[in-house]
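Among the features that Swiss-Prot reports, transmembrane segment is placed at 91-111, 199-219, 245-265, 277-297. Taken from Swiss-Prot, the feature motif 'Histidine box-1' covers 112-116. Marked as motif 'Histidine box-2' by Swiss-Prot: 148-152. According to Swiss-Prot, the motif 'Histidine box-3' annotation covers 339-343.
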Amino acid sequence: MAPPNTIDAGLTQRHITTTAAPTSAKPAFERNYQLPEFTIKEIRECIPAHCFERSGLRGLCHVAIDLTWASLLFLAATQIDKFENPLIRYLAWPAYWIMQGIVCTGIWVLAHECGHQSFSTSKTLNNTVGWILHSMLLVPYHSWRISHSKHHKATGHMTKDQVFVPKTRSQVGLPPKESAAAAVQEEDMSVHLDEEAPIVTLFWMVIQFLFGWPAYLIMNASGQDYGRWTSHFHTYSPIFEPRNFFDIIISDLGVLAALGALIYASMQLSLLTVTKYYIIPYLFVNFWLVLITFLQHTDPKLPHYREGAWNFQRGALCTVDRSFGKFLDHMFHGIVHTHVAHHLFSQMPFYHAEEATYHLKKLLGEYYVYDPSPIVVAVWRSFRECRFVEDHGDVVFFKK
């Protein structure tokens, strides 16, 4: 799907700018970029030991709270059509869709915690809770757990990362950088993007944010190019190994059970009823998931690495922390504003990640990336400016 952005700091962090650099010269942040040389040992040692402690009881309490909110919202929604005033109904349904989408995104995050085994010390509990919660949201739990683990193990790697893999110069149809025609065509491309009608950009943003998540699961959209059809539902997909066969079957059965329940409800009630109570909130979950992950891994100042320069900690730092506001940060269980810590130590439970981030900032300095830009500004900038990377080079940055 997308690429990285700009970052300027205070004393300890870079910070996003909105000034576009000429296509003929490298931006200052790219010219001055130096590879981080931290070891994973020194990064881990800067974080208090208790931040790595997991509590199944605490995890289950968060699940209970989120499921309670989802149930209360559902029950409240059953009263909406009883209002005689149509204006109240027209206002109440969107309010339900938005709030239920937010709550269910939080539930999705808790299932994601289970997949990382950060939910509790019990693998059985983690996988049981994760399978139930993700199946409810039409996510093949083990299938995505496996591909997501590979993403964490190879974040920022041009040929091994699993999602948000940037297209190269040749893949977008530009001539080699060294050719005389390249500068002219690149300039033409830049002008074309600048002049592209905002409504066109907005249209493609809506398509990506609403349908990008199921497209990734079904056909590996924005994922690594394996040269053949790839899907999270296919047991022999190149994402998986033969030993994953039964995990994929179990994942598919969970999604099929959820789809069966939705089809049954549609037959007993109506498709319109299922659409109002489930499908529209589900689309809002898709929106939040793609928005969150797009912004975490897409920014002009974040590098991508090839084999010669990549290592785990460098790749883990190729992500951006940002805030969606205290309410959403809380409802999304810190996945937005503590993502750097999560990528460095994915088995750290989310409720300790904020404290860990505090210590990481002090150690990482300018290599800790936080973007305070308004979300709308950040999305627009990344969507229009992060188009491709060069075909060659161990360290590459997004180009417009």
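Glycine residues also receive a Cβ, built from the backbone N, Cα and C atoms like all the rest.
Looking at which of 91-111, 199-219, 245-265 has the most CB pairs under 8 Å to the transmembrane segment (277-297), the answer is the stretch 91-111. Confidence annotation: the motif 'Histidine box-1' (112-116) carries a mean pLDDT of 99 in the model. Residues of the same chain lying 6 or more positions beyond the ends of the motif 'Histidine box-1' (112-116) and with a Cβ under 8 Å from any Cβ of it are 59, 126-127, 129-130, 133-134, 141, 144-145, 148-149, 152, 333, 335, 346-347, 349-350. Outside the motif 'Histidine box-3' (339-343), and at least 6 residues removed from its termini, the chain residues within Cβ reach (under 8 Å) are 47, 152, 155, 296, 315-317, 319-321, 350, 353, 356-357, 360, 364, 368-369.
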